[in-house]
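Trainee: For reference, TrEMBL lists these features for the protein:
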TRANSMEM  B:12-35  transmembrane segment
TRANSMEM  B:55-73  transmembrane segment
TRANSMEM  B:100-123  transmembrane segment
TRANSMEM  B:143-166  transmembrane segment
TRANSMEM  B:173-198  transmembrane segment
TRANSMEM  B:218-240  transmembrane segment
Ligand SMILES: [Zn+2]
Ligand SMILES: [Zn+2]
């Protein structure tokens with residue numbers, strides 16, 4: 001259990017950009033797409049603010065005051081926009 | 001949050017459905033049982049064919065409609081569809097005064113429209129035989145007993161709402177089904193005692209419909225269905241706040 005998490009943490013620390021890797025480039029990742037989990041470099045990471053609703057029955061749902069930022073890859077962002 | 005007008009419309013439509021399907025089930029039961037010879041005066045027709053099963057059927061018609069309205073409109077208005085619930089949330093400072101007043105009016109209008117629409121759907125037998133599913137104390141049940149029964153029933157309903165929905169630690173997503181089934185269970189036991197209204201609007205709608213369409217004038221019983229449910233819901237909300245608070 002402990003070993004697994006240690007290994008994982010090491011891997012994340014050394015993660016490369018998946019989009020760049022596919023194109024044959026070797027670029028350090030600066031973030032991870034929250035949906036699909038791919039590593040993303042500064043060029044390929046998209047940081048977007050998302051409006052979040054909270055609450056519900058027996059109260060009307062309300063928008064949170066602040067928006068919540070999240071990091072996405074291009075593919076996931078396109079898929080979520082639909 | 002959507003505008004107060006839209007939320008009031010949601011409450012109106014939700015309560016309309018509650019009365020149309022819930023009180024409507026009581027009307028249909030009476031119409032089906034019409035002409036049956038009942039064994040005791042306590043049996044007014046609901047129970048003539050299926051015993052307590054008649055009340056389970058009516059209870060489930062209410063309960064399933066409540067679940068549908070909670071899942072359908074809960075995020076829009078909160079889906080109280082019951083003045084006792086809105087007042088209890090207001091009394092425990094969870095709901096603003098202005099909103100509460102709007103909601104109660106919307107619920108009463110919705111319940112009245114629900115009764116009239118049901119009469120239009122079924123015809124005058126719904127009024128003359130079914131009484132539009134109006135609640136009254138059953139033979140042998142006193143005014144005070146009926147108030148007590150409505151108090152106890154609404155106390156359980158509001159306790160379920162507090163624990164399954166209002167409490168921050170409630171498991172999300174279950175409130176609708178739990179609260180619907182709670183109402184079904186309460187109606188099964190209390191239906192043949194006080195009518196198991198648990199909701200001033202649910203009684204107001206059929207009472208107004210009966211009055212407008214030439215049915216019985218039952219308004220003398222109306223205080224039962226205001227005092228019992230409102231006190232029951234408010235006491236349950238206060239009780240829950242006290243009993244769930246860590247020192
Ligand atoms: Zn890249
Ligand atoms: Zn992605």
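A Cβ is built for glycine as well, from the same backbone N, Cα and C atoms used for every other residue.
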Trainee: Out of B:12-35, B:100-123, B:143-166, B:173-198, B:218-240, what stretch is closest in contact terms to the transmembrane segment (B:55-73), meaning most Cβ pairs under 8 angstroms?
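Mentor: Looking at each of B:12-35, B:100-123, B:143-166, B:173-198, B:218-240 in turn, the most contacts to the transmembrane segment (B:55-73) are made by B:173-198.
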Trainee: Quick one: find which recorded stretch in B:12-35, B:143-166, B:173-198, B:218-240 has the most Cβ pairs under 8 Å with the transmembrane segment (B:100-123).
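Mentor: Between the candidates B:12-35, B:143-166, B:173-198, B:218-240, the best contact partner of the transmembrane segment (B:100-123) is B:12-35.
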Trainee: Against which stretches of its own chain does the transmembrane segment (B:12-35) lie, if we need a Cβ under 8 Å and a gap of at least six residues from its ends?
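Mentor: That would be 44-46, 48-49, 54, 57-58, 61-62, 64-66, 68-69, 72-73, 77, 79, 81-82, 106-111, 113-115, 117-118, 121-122, 125-126, 129-134, 199, 201-202, 205-206.
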